[in-house]
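Beneath this line is the structure, given in structure tokens, with notes to follow.
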Amino acid sequence: GHACYRNCWREGNDEETCKERCG
């Protein structure tokens, strides 16, 4: 996956949040 998504996930955000943030 992309770094943005990995970083988002490590921050404790859920999948949908990371898709919106990084998509």
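Glycine is no exception: its Cβ is also placed from the backbone N, Cα and C atoms.
Swiss-Prot annotations:
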| type | residues | note |
| --- | --- | --- |
| DISULFID | Cys4-Cys22 | disulfide bond |
| DISULFID | Cys8-Cys18 | disulfide bond |
| MOD_RES | Cys22 | cysteine amide |
| SITE | Tyr5 | site 'Aromatic residue of the functional dyad' |
| SITE | Lys19 | site 'Basic residue of the functional dyad' |
Counting across all protein chains present, how many other Cβ atoms fall within 10 Å of the Cβ of Lys19 (site 'Basic residue of the functional dyad')?
12
Just checking, which of Cys4, Cys8, Cys18, Cys22 (disulfide-bonded residues) has the fewest C-beta atoms within 10 Å of its C-beta?
Cys4
What is the interatomic distance between the Cα atoms of Cys22 (disulfide bond) and Cys8 (disulfide bond), given in whole Å?
8
So what sits near Tyr5 (site 'Aromatic residue of the functional dyad') in its own chain, CB-to-CB under 8 Å and at least six residues off in sequence?
Cys18, Lys19, Cys22
Give the three-state DSSP assignment (helix, strand or coil) for Lys19 (site 'Basic residue of the functional dyad').
helix
